[in-house]
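Enquirer: Below are the features I grabbed from TrEMBL:
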DOMAIN    39-148  domain 'HPt'
MOD_RES   H80  phosphohistidine
Amino acid sequence: MEIVGQLQKQYVEFSTSLYREGFLDEQFIQLQKLQDESNPDFVVEVVSIFFEDSEKLINDLATAIQQQVVDFKQVDAHVHQFKGSSSSIGANRVKNMCIALRSFCDEKNLDGCLRCLQQVKHEYFLVKNKLETLFRGISHLKENIDSFFSFLIHHFFRRKK
């Protein structure tokens, strides 16, 4: 059972660091509260959809910004959508970079948009990596708990016979 305790401690420390470092905000906690026994993978499913949508939005943004004549309204529409989806899962640093990118769109500042898009991508891939690590940790913890209880049940019933 010691390994389970160690894994729980690592999970708590890692997830706490995500809030402390600003990767996640209160919205992620709200998302977790929506998960229950009837849908135990709710958060993973929602975040996976966010990942899929984000990849497309980032590609759409890059394409829109690289046009010969940039349509800043179109760029802003993509950024607005990305900001909303980032905000809905609590990806705080991504959301904040989207806010900055929208400011550059308002100013029609192409160089600022290009630099900021790189930062948006960077923050997105950081939070994606962090969340994937968090989900792997949860999965590993569940596997160890299941193994421990299987051992106890097997050991208990074996002694009773």
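Every residue gets a Cβ built from N, Cα and C, even glycine.
All annotation found in TrEMBL is predicted automatically rather than curated by experts.
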Enquirer: How many neighbouring Cβ atoms, not counting its own, are there within 10 Å of the Cβ of the residue listed as 'phosphohistidine'?
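Expert: By my count, 14.
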Enquirer: Mean pLDDT across the domain 'HPt' (39-148), rounded to an integer, is what?
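Expert: When the pLDDT values over the domain 'HPt' (39-148) are averaged, the result is 92.
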Enquirer: If you run through the domain 'HPt' (39-148) with DSSP, how many residues end up as helix, strand and coil?
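Expert: For that range the per-state counts are 96 helix, 2 strand, 12 coil.
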